[in-house]
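The structure appears right after this line, and notes come after that.
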Amino acid sequence: MNGFTIAEGRLWGALFGGILYGLYVACFVTCIHLFCGHRIRQSPQNKVILGIIILLFGLTTAHFACTLQQLRLGFFGSSLPNNPNIYFNNRNTPLNLVIKSINGVTMLLGDCLMLFRLWIIYDGSLLVTAIPALSTAATGGVVFALTWEFSQLSPTQTSFAASIKKLVPAAFVLPVVTNAVITSLILYRIIAARAAVRRLTVLQDDNFYRIVIANIVESCLIYPIMLIIAMVLYLCKSNGQDVISGSLPQVVGIVSTLLWILVHRGSSRYDMANEHRATSSSHTARMMFVVPKKRNSSVLRDEFTHQSDV
């Protein structure tokens, strides 16, 4: 990817983003059907989740539309014919600033949904969610500062300018740390819940690949991996980072929507383990307090007579 020009990076990024956006639309429609397809009164928590998911989809759609408009202007509508690189290198255009702003907001919304899931899994523990919440707030501050610095660039400055380079590592590292912490805590909780169930009863797991896929989806592991790839490409000063960073809103949307589809269908491995553990515990408790039935005296007399005859 080091040989990419910025125009090629934007073009491949739009293609990659288009594929991901198609997958995102399918996930979003499925999610809306699950939440609204049944005439069941939604809880306040579900209404908040559904509202954020719809907002996230709207922002991602706007981001993708702005990306396509930027491609049109860069390749066909620019006043600099045969050189779209000059147009794309101008980072302080209003359209580019809108794209950067939407990118930052979608990242924050995705982190908030993951934080909410972490809060639920740890039974509302503020102590567990404190560090990810603080790093999410810090990410919001860095994203705002980064967007401001982009607006101050001259048309000849690139995204590797000194004022941008001092903020970009924090803009990548903070979300990676946030999501790594959330992912690790969720995975730990899933593994601990499954282990607790195994101590009570024999738990029939799915095959290995289903377990891996379910854990990846529920822990939202894909998003931090994409962030790390984008950060490495930026540090290598490769325009290939536009392929990944331009598609991050779609990745955030897919990961968040898949997580809540899994939870809403009752397919969450953590929720299933908790339900299985509660069922096993109640069954064990009932067995401990079962009073043996008194045997009928005539039955006992018949048994005694039978033994005497023998």
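Note: Cβ is positioned from N, Cα and C throughout, glycine not excepted.
The transmembrane segment annotation in TrEMBL covers 12-36 (among others).
What TrEMBL records for 48-71 (among others) is transmembrane segment.
Taken from TrEMBL, the feature transmembrane segment applies to 97-119 (among others).
Through the fold, the transmembrane segment (126-148) approaches residues 97, 100-101, 104, 107-108, 111-112, 114-115, 118-119, 164, 167-168, 170-171, 174-175, 177-178, 181-182, 185 of its own chain, all at least 6 residues removed from its boundaries and within a Cβ separation under 8 Å. Annotation comment: TrEMBL describes 126-148 (among others) as transmembrane segment.
Same-chain residues lying 6+ beyond the ends of the transmembrane segment (168-191) with a Cβ under 8 Å from its Cβ atoms: 107, 111, 114-115, 117-118, 121-122, 128, 131-132, 135-136, 138-139, 142-143, 146, 159, 215, 218-221, 223-224, 227-228, 230-231, 234-235, 269-270, 273. According to TrEMBL, the transmembrane segment annotation covers 168-191 (among others).
According to TrEMBL, the transmembrane segment annotation covers 212-235 (among others).
Residues of the same chain lying 6 or more positions beyond the ends of the transmembrane segment (247-263) and with a Cβ under 8 Å from any Cβ of it are 13, 16-17, 20-21, 23-24, 27-28, 30-31, 34, 49, 53, 56-57, 59-60, 63-64, 102-103, 106-107, 109-110, 113-114, 117, 214, 217-218, 220, 222-223, 226-227, 230, 271. The transmembrane segment annotation in TrEMBL covers 247-263 (among others).
Within its own chain, the transmembrane segment (212-235) has Cβ neighbours under 8 Å at 1, 110, 114, 159, 168-169, 172-173, 175-176, 179-180, 182-183, 186-187, 190, 206, 241, 244-245, 247-248, 251-252, 254-256, 258-259, 262, 267-270, counting only residues six or more beyond its boundaries.
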